[in-house]
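Quick look at what TrEMBL lists:
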DOMAIN    19-102  domain 'UPAR/Ly6'
DOMAIN    116-193  domain 'UPAR/Ly6'
SIGNAL    1-20  signal peptide
Amino acid sequence: MRSVLGFLGVLLAVIRAGHALSCIQCVSLESTYCIGPSVSCPPDNVCGTSYTETSLGSSVFTKIYVRGCFAKNKCNLQGSTSVINDVMRRIGSTCCEINNCTPSKIILPDASTRLNGLVCRTCISANSGWCDTDNTLQCTGDENMCLLQTTSITGAESKTYAYRGCATKSLCDIGRQTEENAGQKVDERFTCTSGTAGLYSGLTLPLIAILTTSMFS
């Protein structure tokens, strides 16, 4: 019986390996196009693209376009965050499931100026994984959650930063994601609350951040 189970386990591993996709891996900071080498993906991953656009008012000042291997729950994502001084970050992703395929064009969510009644704390820290403030921001459109996002970049260039603001639930649902490309590792964590706790409780978000860190460390 053990030998049969062992054989089935090996067979299952071979089948999974046989279904692993190869995807183009690249990054562009200038456009929604890039080309790079084909890499083998982990089992159950698909080929994906993501595009992040950060704007100040009507002016776009950063673009990040990424192609590579994506977990399926990171596909077909649309979301946005807003922070102090009219800075908005819009994110989208698409996927496909054929070797080295090109996913469909990404459509970012529309920017909205319609106030939705939620107010969140807002701050930016360029050198730390934490920030706190009494400054607030009136949320708009579908950004109906208060967000603390921390980003840690390691590799040839290392950096840690954090910000608070308004966010769509679709980004909050990510929880945590890690990407590696060209020797750089980017680890992002999204910690969210609904309005009152995010704005008025000085302990809620720090506690959640600590618990989240403990769970994933």
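Quick reminder: no glycine exception, Cβ is built from N, Cα and C everywhere.
TrEMBL entries are annotated by machine, without manual review.
Summarised by DSSP class, the composition of the domain 'UPAR/Ly6' (116-193) is 4 helix, 49 strand, 25 coil. For the domain 'UPAR/Ly6' (19-102), the DSSP-based tally of helix, strand and coil residues reads 3 helix, 50 strand, 31 coil.
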